[in-house]
Every structure is written in C-alpha cells, then in structure tokens.
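According to TrEMBL, the transmembrane segment annotation covers 40-57, 77-98, 110-129, 149-166, 187-208, 297-318, 330-347, 359-380, 401-420, 447-473.
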Amino acid sequence: MADIKLNAGDRHRLDITETAAPPPPLSDVNENSRKKKNRVASVDIFRGLTVALMILVDDAGGEWPIIGHAPWNGCHLADFVMPFFLFIVGIAIALALKRIPDRCIATKKVILRTLKLIFWGLLLQGGFSHAPDKLSYGVDMKNIRWFGILQRIALAYFIVGMLEIATQGAQAKELPPACFSIYKLYFWHWLFGACVLIVYLAVIYGTYVPTWQFTVHNAGSPDNGKILTVACDVRGKLDPPCNAVAYIDRQVLGINHMYPHPAWKRSKACTKRSPYEGPFKKDAPSWCWAPFEPEGILSSISAILSTIIGVHFGHVLIQMKDHSSRLRHWIVMGLGLVVLGIVLHFTDAIPLNKQLYTFSYVCVTSGAAALVFSFFYIMVDILRLRFVFMPLEWIGMNAMLVYVMAAEGIFAGFINGWYYDGPHNTLIYWIQKHIFIDVWHSRRVGILLYVIFAEILFWGMISGILHWLGIYWKL
C-alpha cells in the first residue's frame, strides 16, 4: 500500500516550479528567465518538526503533562500536533496538484492516497497493533476504532484535494495587485470553508443531547461491567458529558468503536492526581469512565478548516513571487488568527478545545502554524541556514516512515520482542534506565532526554542516511 522509492532526482512531491525569487545584487538574471524546479526546504522542515513533536508528546507526555493533551479546555503542546499536520497537508496539496494539470490523473492520485491513509490508520490505530508495550497483534472487530489521526488526515486531504482540483483554473490566472486579490482568486475555497464552519456551529450548538448510558469495559477495574448513566437532556453544551460531538459519534460509530482512553480521564473532576493519570475519585462523575473519540466525525469536519488555511498558504507561495510579499501576508494572517482565537477563548465565547476542534482552537493553532512556518521560511529559504535544521528536514522527507516506526512504536515493539527472562528486560528498557534515568537520578528528566536523543535524533540520523541513499517511503 505504500511505495519505497529510490529516486535521487525527484525526492518528494512538494517541489514547486516558480520564477526565481529576487536575485542578489550582483546577479542580473531576468525575472522572466527560464523556470526551474526549486525545493522549498521549509515545507520538509515544518513536517519534520510536526512528526518530532508527535514523538515527544506521545512518549514523554506521561511524565510531563504540560506537554501532553489538555484534559479538556485549553491548549498544550500536544494539541498543536494535529493542526500542524493538517496545515502542512494543505500546503502540500497546493504545491503537488499544481504540477498535475490533468484533472482525471489528479483525482485518481487523491483517491488512491486517501485509501492508503485510511488503511494505515486502521492498521496502526484501529487496535490491531499493540506496540510497543504489548507483544501481540489483533483486534476484536466489535471494538475496532474506526477513526484516528491518519483517517482524519485522509478526510481533510480528500475534501480539500478535490476542491483544489475542481477550482484548478484559478492557478492559471495572474494575481492582480490589489490587497485582497488572492482571496478573490480562490473565492470558492473560502466559501466552502465558511459553509463547513456554519454546519459545524449549527450542529454543535443546535443538537439536542439526551441522557445516555454505557457499560464500563475495563478488565482491571472493579467497575468493569457496570452500566452507568450520564444525565444530559440539554442543547449547545461544550462540556465532556453532554456535547454534540460525542453524541454524534456514539450514534453513528457506536460507543464500542470510540477511543477508550480520552484525555478527560486526567481532569480534576475525575482524579486527584490531575493532570497525571491516576485512580478515579470515589465521587467522580460517571462520564469519567466513558470512551470519547478525539478524532470523531463532527470534529473532523471542523478540522478541514485547518487544511483550507494551509492550502491558502500554498497558494501564496505559488502566486506571490517575492519573499517580502509572502511573509507579510503569512505573518499578518497568522497573528490575526491567534488574536481572534485567544479573544474568543478568554471572552468565554468559544473555548479552546482540541477534543471538540472548536473554531477558537482552529484559529490559534492555524495561526501558530503560520508563524512557525514563516520562521522556518526566513531561516532556511531566505537566510540559507538550512544546516541547522537538517535532522528535521530529513525526518520531513521520510515522514511516513518515522511516523510508523517511531510515533506509532512499531520499531520499539520489534526491539521489545527480543527480551531476556521477561518482556520488561529489553534493550530499550535497559537504555532508558541505565543511560538516561539512573544518570540523571530522575525518571522525568531521563525519559525526556531519552525521547529527544534516542528517538527523535536517532530517527533524524536514520532519515538522513536514507536521504543520502535516495530512499523514501511515500504514500
């Protein structure tokens, strides 16, 4: 389902063809000189950063809750990962589909890649893989998790990709000099985004959520098998038990097919150890035991907005030919989105919430992605300080490989399969304990350093070797 390609010439699908940016003073190259294929290194570096952040928050977030997902409202470091993925997918859509003028071929590529993403999402996050800690595979189809990270990316990629193909004629036009001309040029993208937002807000605030029941499925808990009731009978609530996002997922997906370990289990309402995981309080509300799908149906519809904003940044990269125009547009838009999202949150209009993928969350995270991407663009594509970020760039070139092997723990699971005396006496546990934890006399610091050096930097080096060999894993 995925292709391992050896190709030293066309190393990824995010190359763009554009006229050369304004040359240095000593050069007298004409602006209309022949076009050449330029690699936008900041795209790879941003993608590599996103994968590295996912590894960091997944593997060190348990010891450092401040970088893990917020239990409910709020925005921690982990909550930026998914929007960053969707943002860079948007940029990639604009750049890749620009090079495929034939709509039939482009449509085929989008559909095929969407199916591959769904396949890998079900395989890695549907419950089949138990890596890295459990040395077993297989999933009861009665409990398979239908939605996940790659499935959400697949949905956004397919919807925005098809929109881009349908409006391909806009890219052939010259950009007028007016301030908002690029918005007019891609009017249909913004109209579609507005429709997505209206539908999302109408459903999340207008859906009636009745009282519901569920059965606790936790073999290690004395509450296993209990039937609990959650009282709702409300409309427009954005709290954990009675929001429309979870209600729609329960009705459509089925509660057995939802994520059994939501971040809200670490909330103060559920455990005294909050923000760490821990035993539930005796008086914890019944919803603390319930599953919740953080990549569910309605929240994934809202997530399309992050990709639309990303594809707009790709359009800016294509249509605007000089660095200053691009950066001015990106930075102003990024700051505007961040400010709008913060205002919505702190005025209690719309809270920042990754689980619900609220509009304020879209604004803050997409604005942050815009500013981070602009920073990389300045440092790498303008100031040519590319060498500083080489490990991230290498990871970005082989993002799927690193995501599968490191972020999803497949490589660690393989290594843990070779143990001595018991499953917890493996090379990985030995390295964690003796090289990092014991040396620093702190599990928290040791795990953090292990993730940074033995996972992120390690896979950066592996990706660098593969890049040198011209080997890339592409969907």
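Using N, Cα and C of the backbone, Cβ positions are placed for all residues, glycine too.
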Who are the chain neighbours of the transmembrane segment (110-129) in space, where the CB to CB distance is under 8 Å and they lie at least 6 residues beyond its ends?
1-2, 97, 137-140, 143-146, 148-151, 153-154, 157-158, 161-162, 165, 400, 404, 408-410, 413, 475
Given the cut-off of 8 Å on Cβ pairs that are 6 or more apart in sequence, determine whether the transmembrane segment (149-166) and the transmembrane segment (359-380) share at least 3 such pairs.
no
If we skip the immediate neighbours and take only residues 6+ beyond the ends of the transmembrane segment (40-57), which ones have a Cβ under 8 Å from one of its Cβ atoms?
12, 14-16, 67-69, 77-78, 80-81, 84-85, 88, 91-92, 95, 317, 369, 372-373, 376-377, 379-381, 386, 389, 391-397, 399, 402-403, 406-407, 451-452, 455-456, 459-460
Going through 77-98, 297-318, 330-347, 401-420, 447-473 one by one, which has the most CB pairs that fall under 8 Å from the transmembrane segment (359-380)?
330-347
So are the transmembrane segment (401-420) and the transmembrane segment (330-347) touching or not, going by 3+ C-beta pairs under 8 A with a sequence gap of 6 or more?
no
